[in-house]
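Asks: For reference, Swiss-Prot lists these features for the protein:
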- His71: active site, charge relay system (ACT_SITE)
- Asp137: active site, charge relay system (ACT_SITE)
- Ser232: active site, charge relay system (ACT_SITE)
- 29-277: domain 'Peptidase S1' (DOMAIN)
- Ser99: O-linked glycosylation site (CARBOHYD)
- Asn121: N-linked glycosylation site (CARBOHYD)
- 1-16: signal peptide (SIGNAL)
Amino acid sequence: YLLLLCLPLTLMGTGAVPPGPSIEIHPRIVGGWECDKHSQPWQALLTFTNGLDGVCGGVLVHPQWVLTAAHCIGDNYKIKLGLHDRFSKDDPFQEFQVSASFPHPSYNMRLLKLLLSDEMNDTYYYEIFPGADFSHDLMMMQLEKPVQLNDAVQVLDLPTQEPQVGSKCHASGWGSMDPYSRNFPRTGKLQCVDLTLMSNNECSRSHIFKITDDMLCAGHIKGRKDTCGGDSGGPLICDGVFQGTTSWGSYPCGKPRMPGVYVKIFSHVDWIREIIATHS
């Protein structure tokens, strides 16, 4: 979840935050509840290094492929599936190394690197942020071997049509539950939150980043419920259909009239299938 208000930290979730409007790249679950165990069997936990330790979510879209956020780029990837309590030694899960990763070619990786660089200063921050476009925030991760499908590990089907504004959705992840935390503490047990799909026009009036047709916005007018730091790449499921992955949002998470922003999966189905077909 990329925080629009605290960009330099958003990927790793620690460090100083520049003054002014924020944008967060790693959403976390705020105002939700503990998911029923293994009720989200497609949910993946991605850990990696990128100067600091990173945590993201992901979605199993094929027995050997996990979809996550492009801004979760790093090294030494490990992916866990079938997990509920990430701190429990007794929780059975499957763990995999990543043999190859494929960020979406249209994602603005150069801008992301600038936002996370030591060279960023307040002046440059305000010059570059308004209207910045973080579309196509997706990355495909090829596992070293196929998963073993069971009650706790299942593939989530890709959508066949776009969701409608007003759809009832839910998101899930192990991200922080504190909307004001600058250190992004993460929860141990998988959290779920209910959200409502909002119009992109309404969303664009709330955020300084560009809202495109390849994005979805979900939240609540009154706020209080949101994804947040550590939830990036996790699923947004609307009316029972996989429609989005967590991308970015405001700081603090869960602000009124500031919905979280998600990648519209329907716009990227062909790319996802092409990656799987070409590299499997």
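Glycine is no exception: its Cβ is also placed from the backbone N, Cα and C atoms.
Keep in mind it's a predicted model, so treat the numbers as computed, not measured.
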Asks: Round to a whole number and give the Cα-to-Cα distance in Å for the pair His71 (active site, charge relay system) and Asp137 (active site, charge relay system).
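Replies: Spelling it out, the Cα of His71 (active site, charge relay system) and the Cα of Asp137 (active site, charge relay system) are 7 Å apart.
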Asks: C-alpha of Ser232 (active site, charge relay system) to C-alpha of the residue listed as 'O-linked glycosylation site': distance in Å?
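Replies: On Cα coordinates alone, these residues lie 21 Å apart.
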Asks: Highest Cβ count within 10 Å among the recorded positions Ser99, Ser232: which residue is it?
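Replies: Top count of Cβ atoms within 10 Å goes to Ser232.
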Asks: Rounded to the nearest angstrom, how far is the Cα of Asp137 (active site, charge relay system) from the Cα of Ser99 (O-linked glycosylation site)?
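Replies: Given the Cα positions, Ser99 (O-linked glycosylation site) is 20 Å from Asp137 (active site, charge relay system).
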Asks: Per DSSP, to which secondary structure element type does His71 (active site, charge relay system) belong, with helix, strand and coil as the options?
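Replies: Reduced to three states, the DSSP call for His71 (active site, charge relay system) is helix.
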